[in-house]
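Here is the structure we will look at, set down as structure tokens.
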Amino acid sequence: MKVLLLTGLGALFFAYYWDDNFDPASLHGARVLLTGVSAGIGEELAYHYARLGSHLVLTAHTEALLQQVVGNCRKLGAPKVFYIAADMASPEVPERVVQFALDKLGGLDYLVLNHLGAAPAGTRVRSSQSTRWLMQMNFLSYVQLTSSALPSLTDSKGSLVVVSSLLGRVPTSFSSPYSAAKFALDSFFSSLRRELDVQEVNVAITMCVLGLRDRASAAEGVRGITRVRAAPGPKAALAVIRGGATRASGVFYPWRFHLLCLLRSWMPHSRAWFVRQELNITTPAAA
């Protein structure tokens, strides 16, 4: 019965995501501030936006990698590409990044929040200092960027696109500080969506629930802990862009993650079984 139910739900979700009315032309000339572009999905997001003719402000921590991505975006046809190297772990940086984007582009149509600070998996207890760093990188900087960009997005009736993780919806083992930051993201932006709706502010918020990032740092952080394979960067990035352009409230990639999130409430025992299958439980957690 469970298999039939999951199969039926899967077919419905596939049909839903297949017909999303995505119009690539809608992104031509769009003003986009994109964070975390030095590798993985962030880099692929930059390349997709460049091909679609968007005006870009790109940011990442490592300037040398950032410059390479900027050069590639120009080759792919982006009309305007600016960049600013920034460490989102510094509380004063997010506001400066948004102001730079506003100065260069004259406003924003999309704020795409993709940067992350990863922590090694398998650690039961982390120091308060490292946990504060994780919260600044993965939550507080998102709030700061949003707060600074919201007036411009309100003027343009734009969109907030938040790239998050399954760990912000479904708790799992060996990820407590990182998962806490991602749960905070989901709660903050879900509440903000309601506030904007009540105030009749036409700014869309798209929460993107992705799996393991297709980048070396993400894979290294969970080495020996999980059996999950990294999501292909180009495909995951396109799913994020489609969701943002169509003002969808949520994007799940791979799509089965939507089922897993539903199982959390509907079938908690089944959810726990699915999560357990993704773990290499023979690996002891670090002290």
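Cβ atoms are placed via backbone N, Cα and C, with glycine included.
Going by Swiss-Prot, these are the annotated features:
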SIGNAL    1-15  signal peptide
BINDING   36-62, 87-88, 114-116, 178-182, 211-217  NADP(+) binding site
BINDING   S165  substrate binding site
ACT_SITE  Y178  active site, proton acceptor
CARBOHYD  N280  N-linked glycosylation site
What is the separation, in Å, between the Cα atoms of G36 (NADP(+) binding site) and Y178 (active site, proton acceptor)?
17
Around K182 (NADP(+) binding site), how many other CB atoms lie within 10 A of its CB?
22
Cα of G42 (NADP(+) binding site) to Cα of S165 (substrate binding site): how many Å, rounded?
14
Where does G42 (NADP(+) binding site) sit in the DSSP three-state scheme?
helix
In whole Å, how far does the CA atom of K182 (NADP(+) binding site) lie from that of S165 (substrate binding site)?
7
Counting other Cβ atoms within 10 Å, pick out the least crowded of the binding-site residues H48, H115.
H48
According to DSSP, which kind of secondary structure is S54 (NADP(+) binding site) found in, if we only use helix, strand and coil?
coil
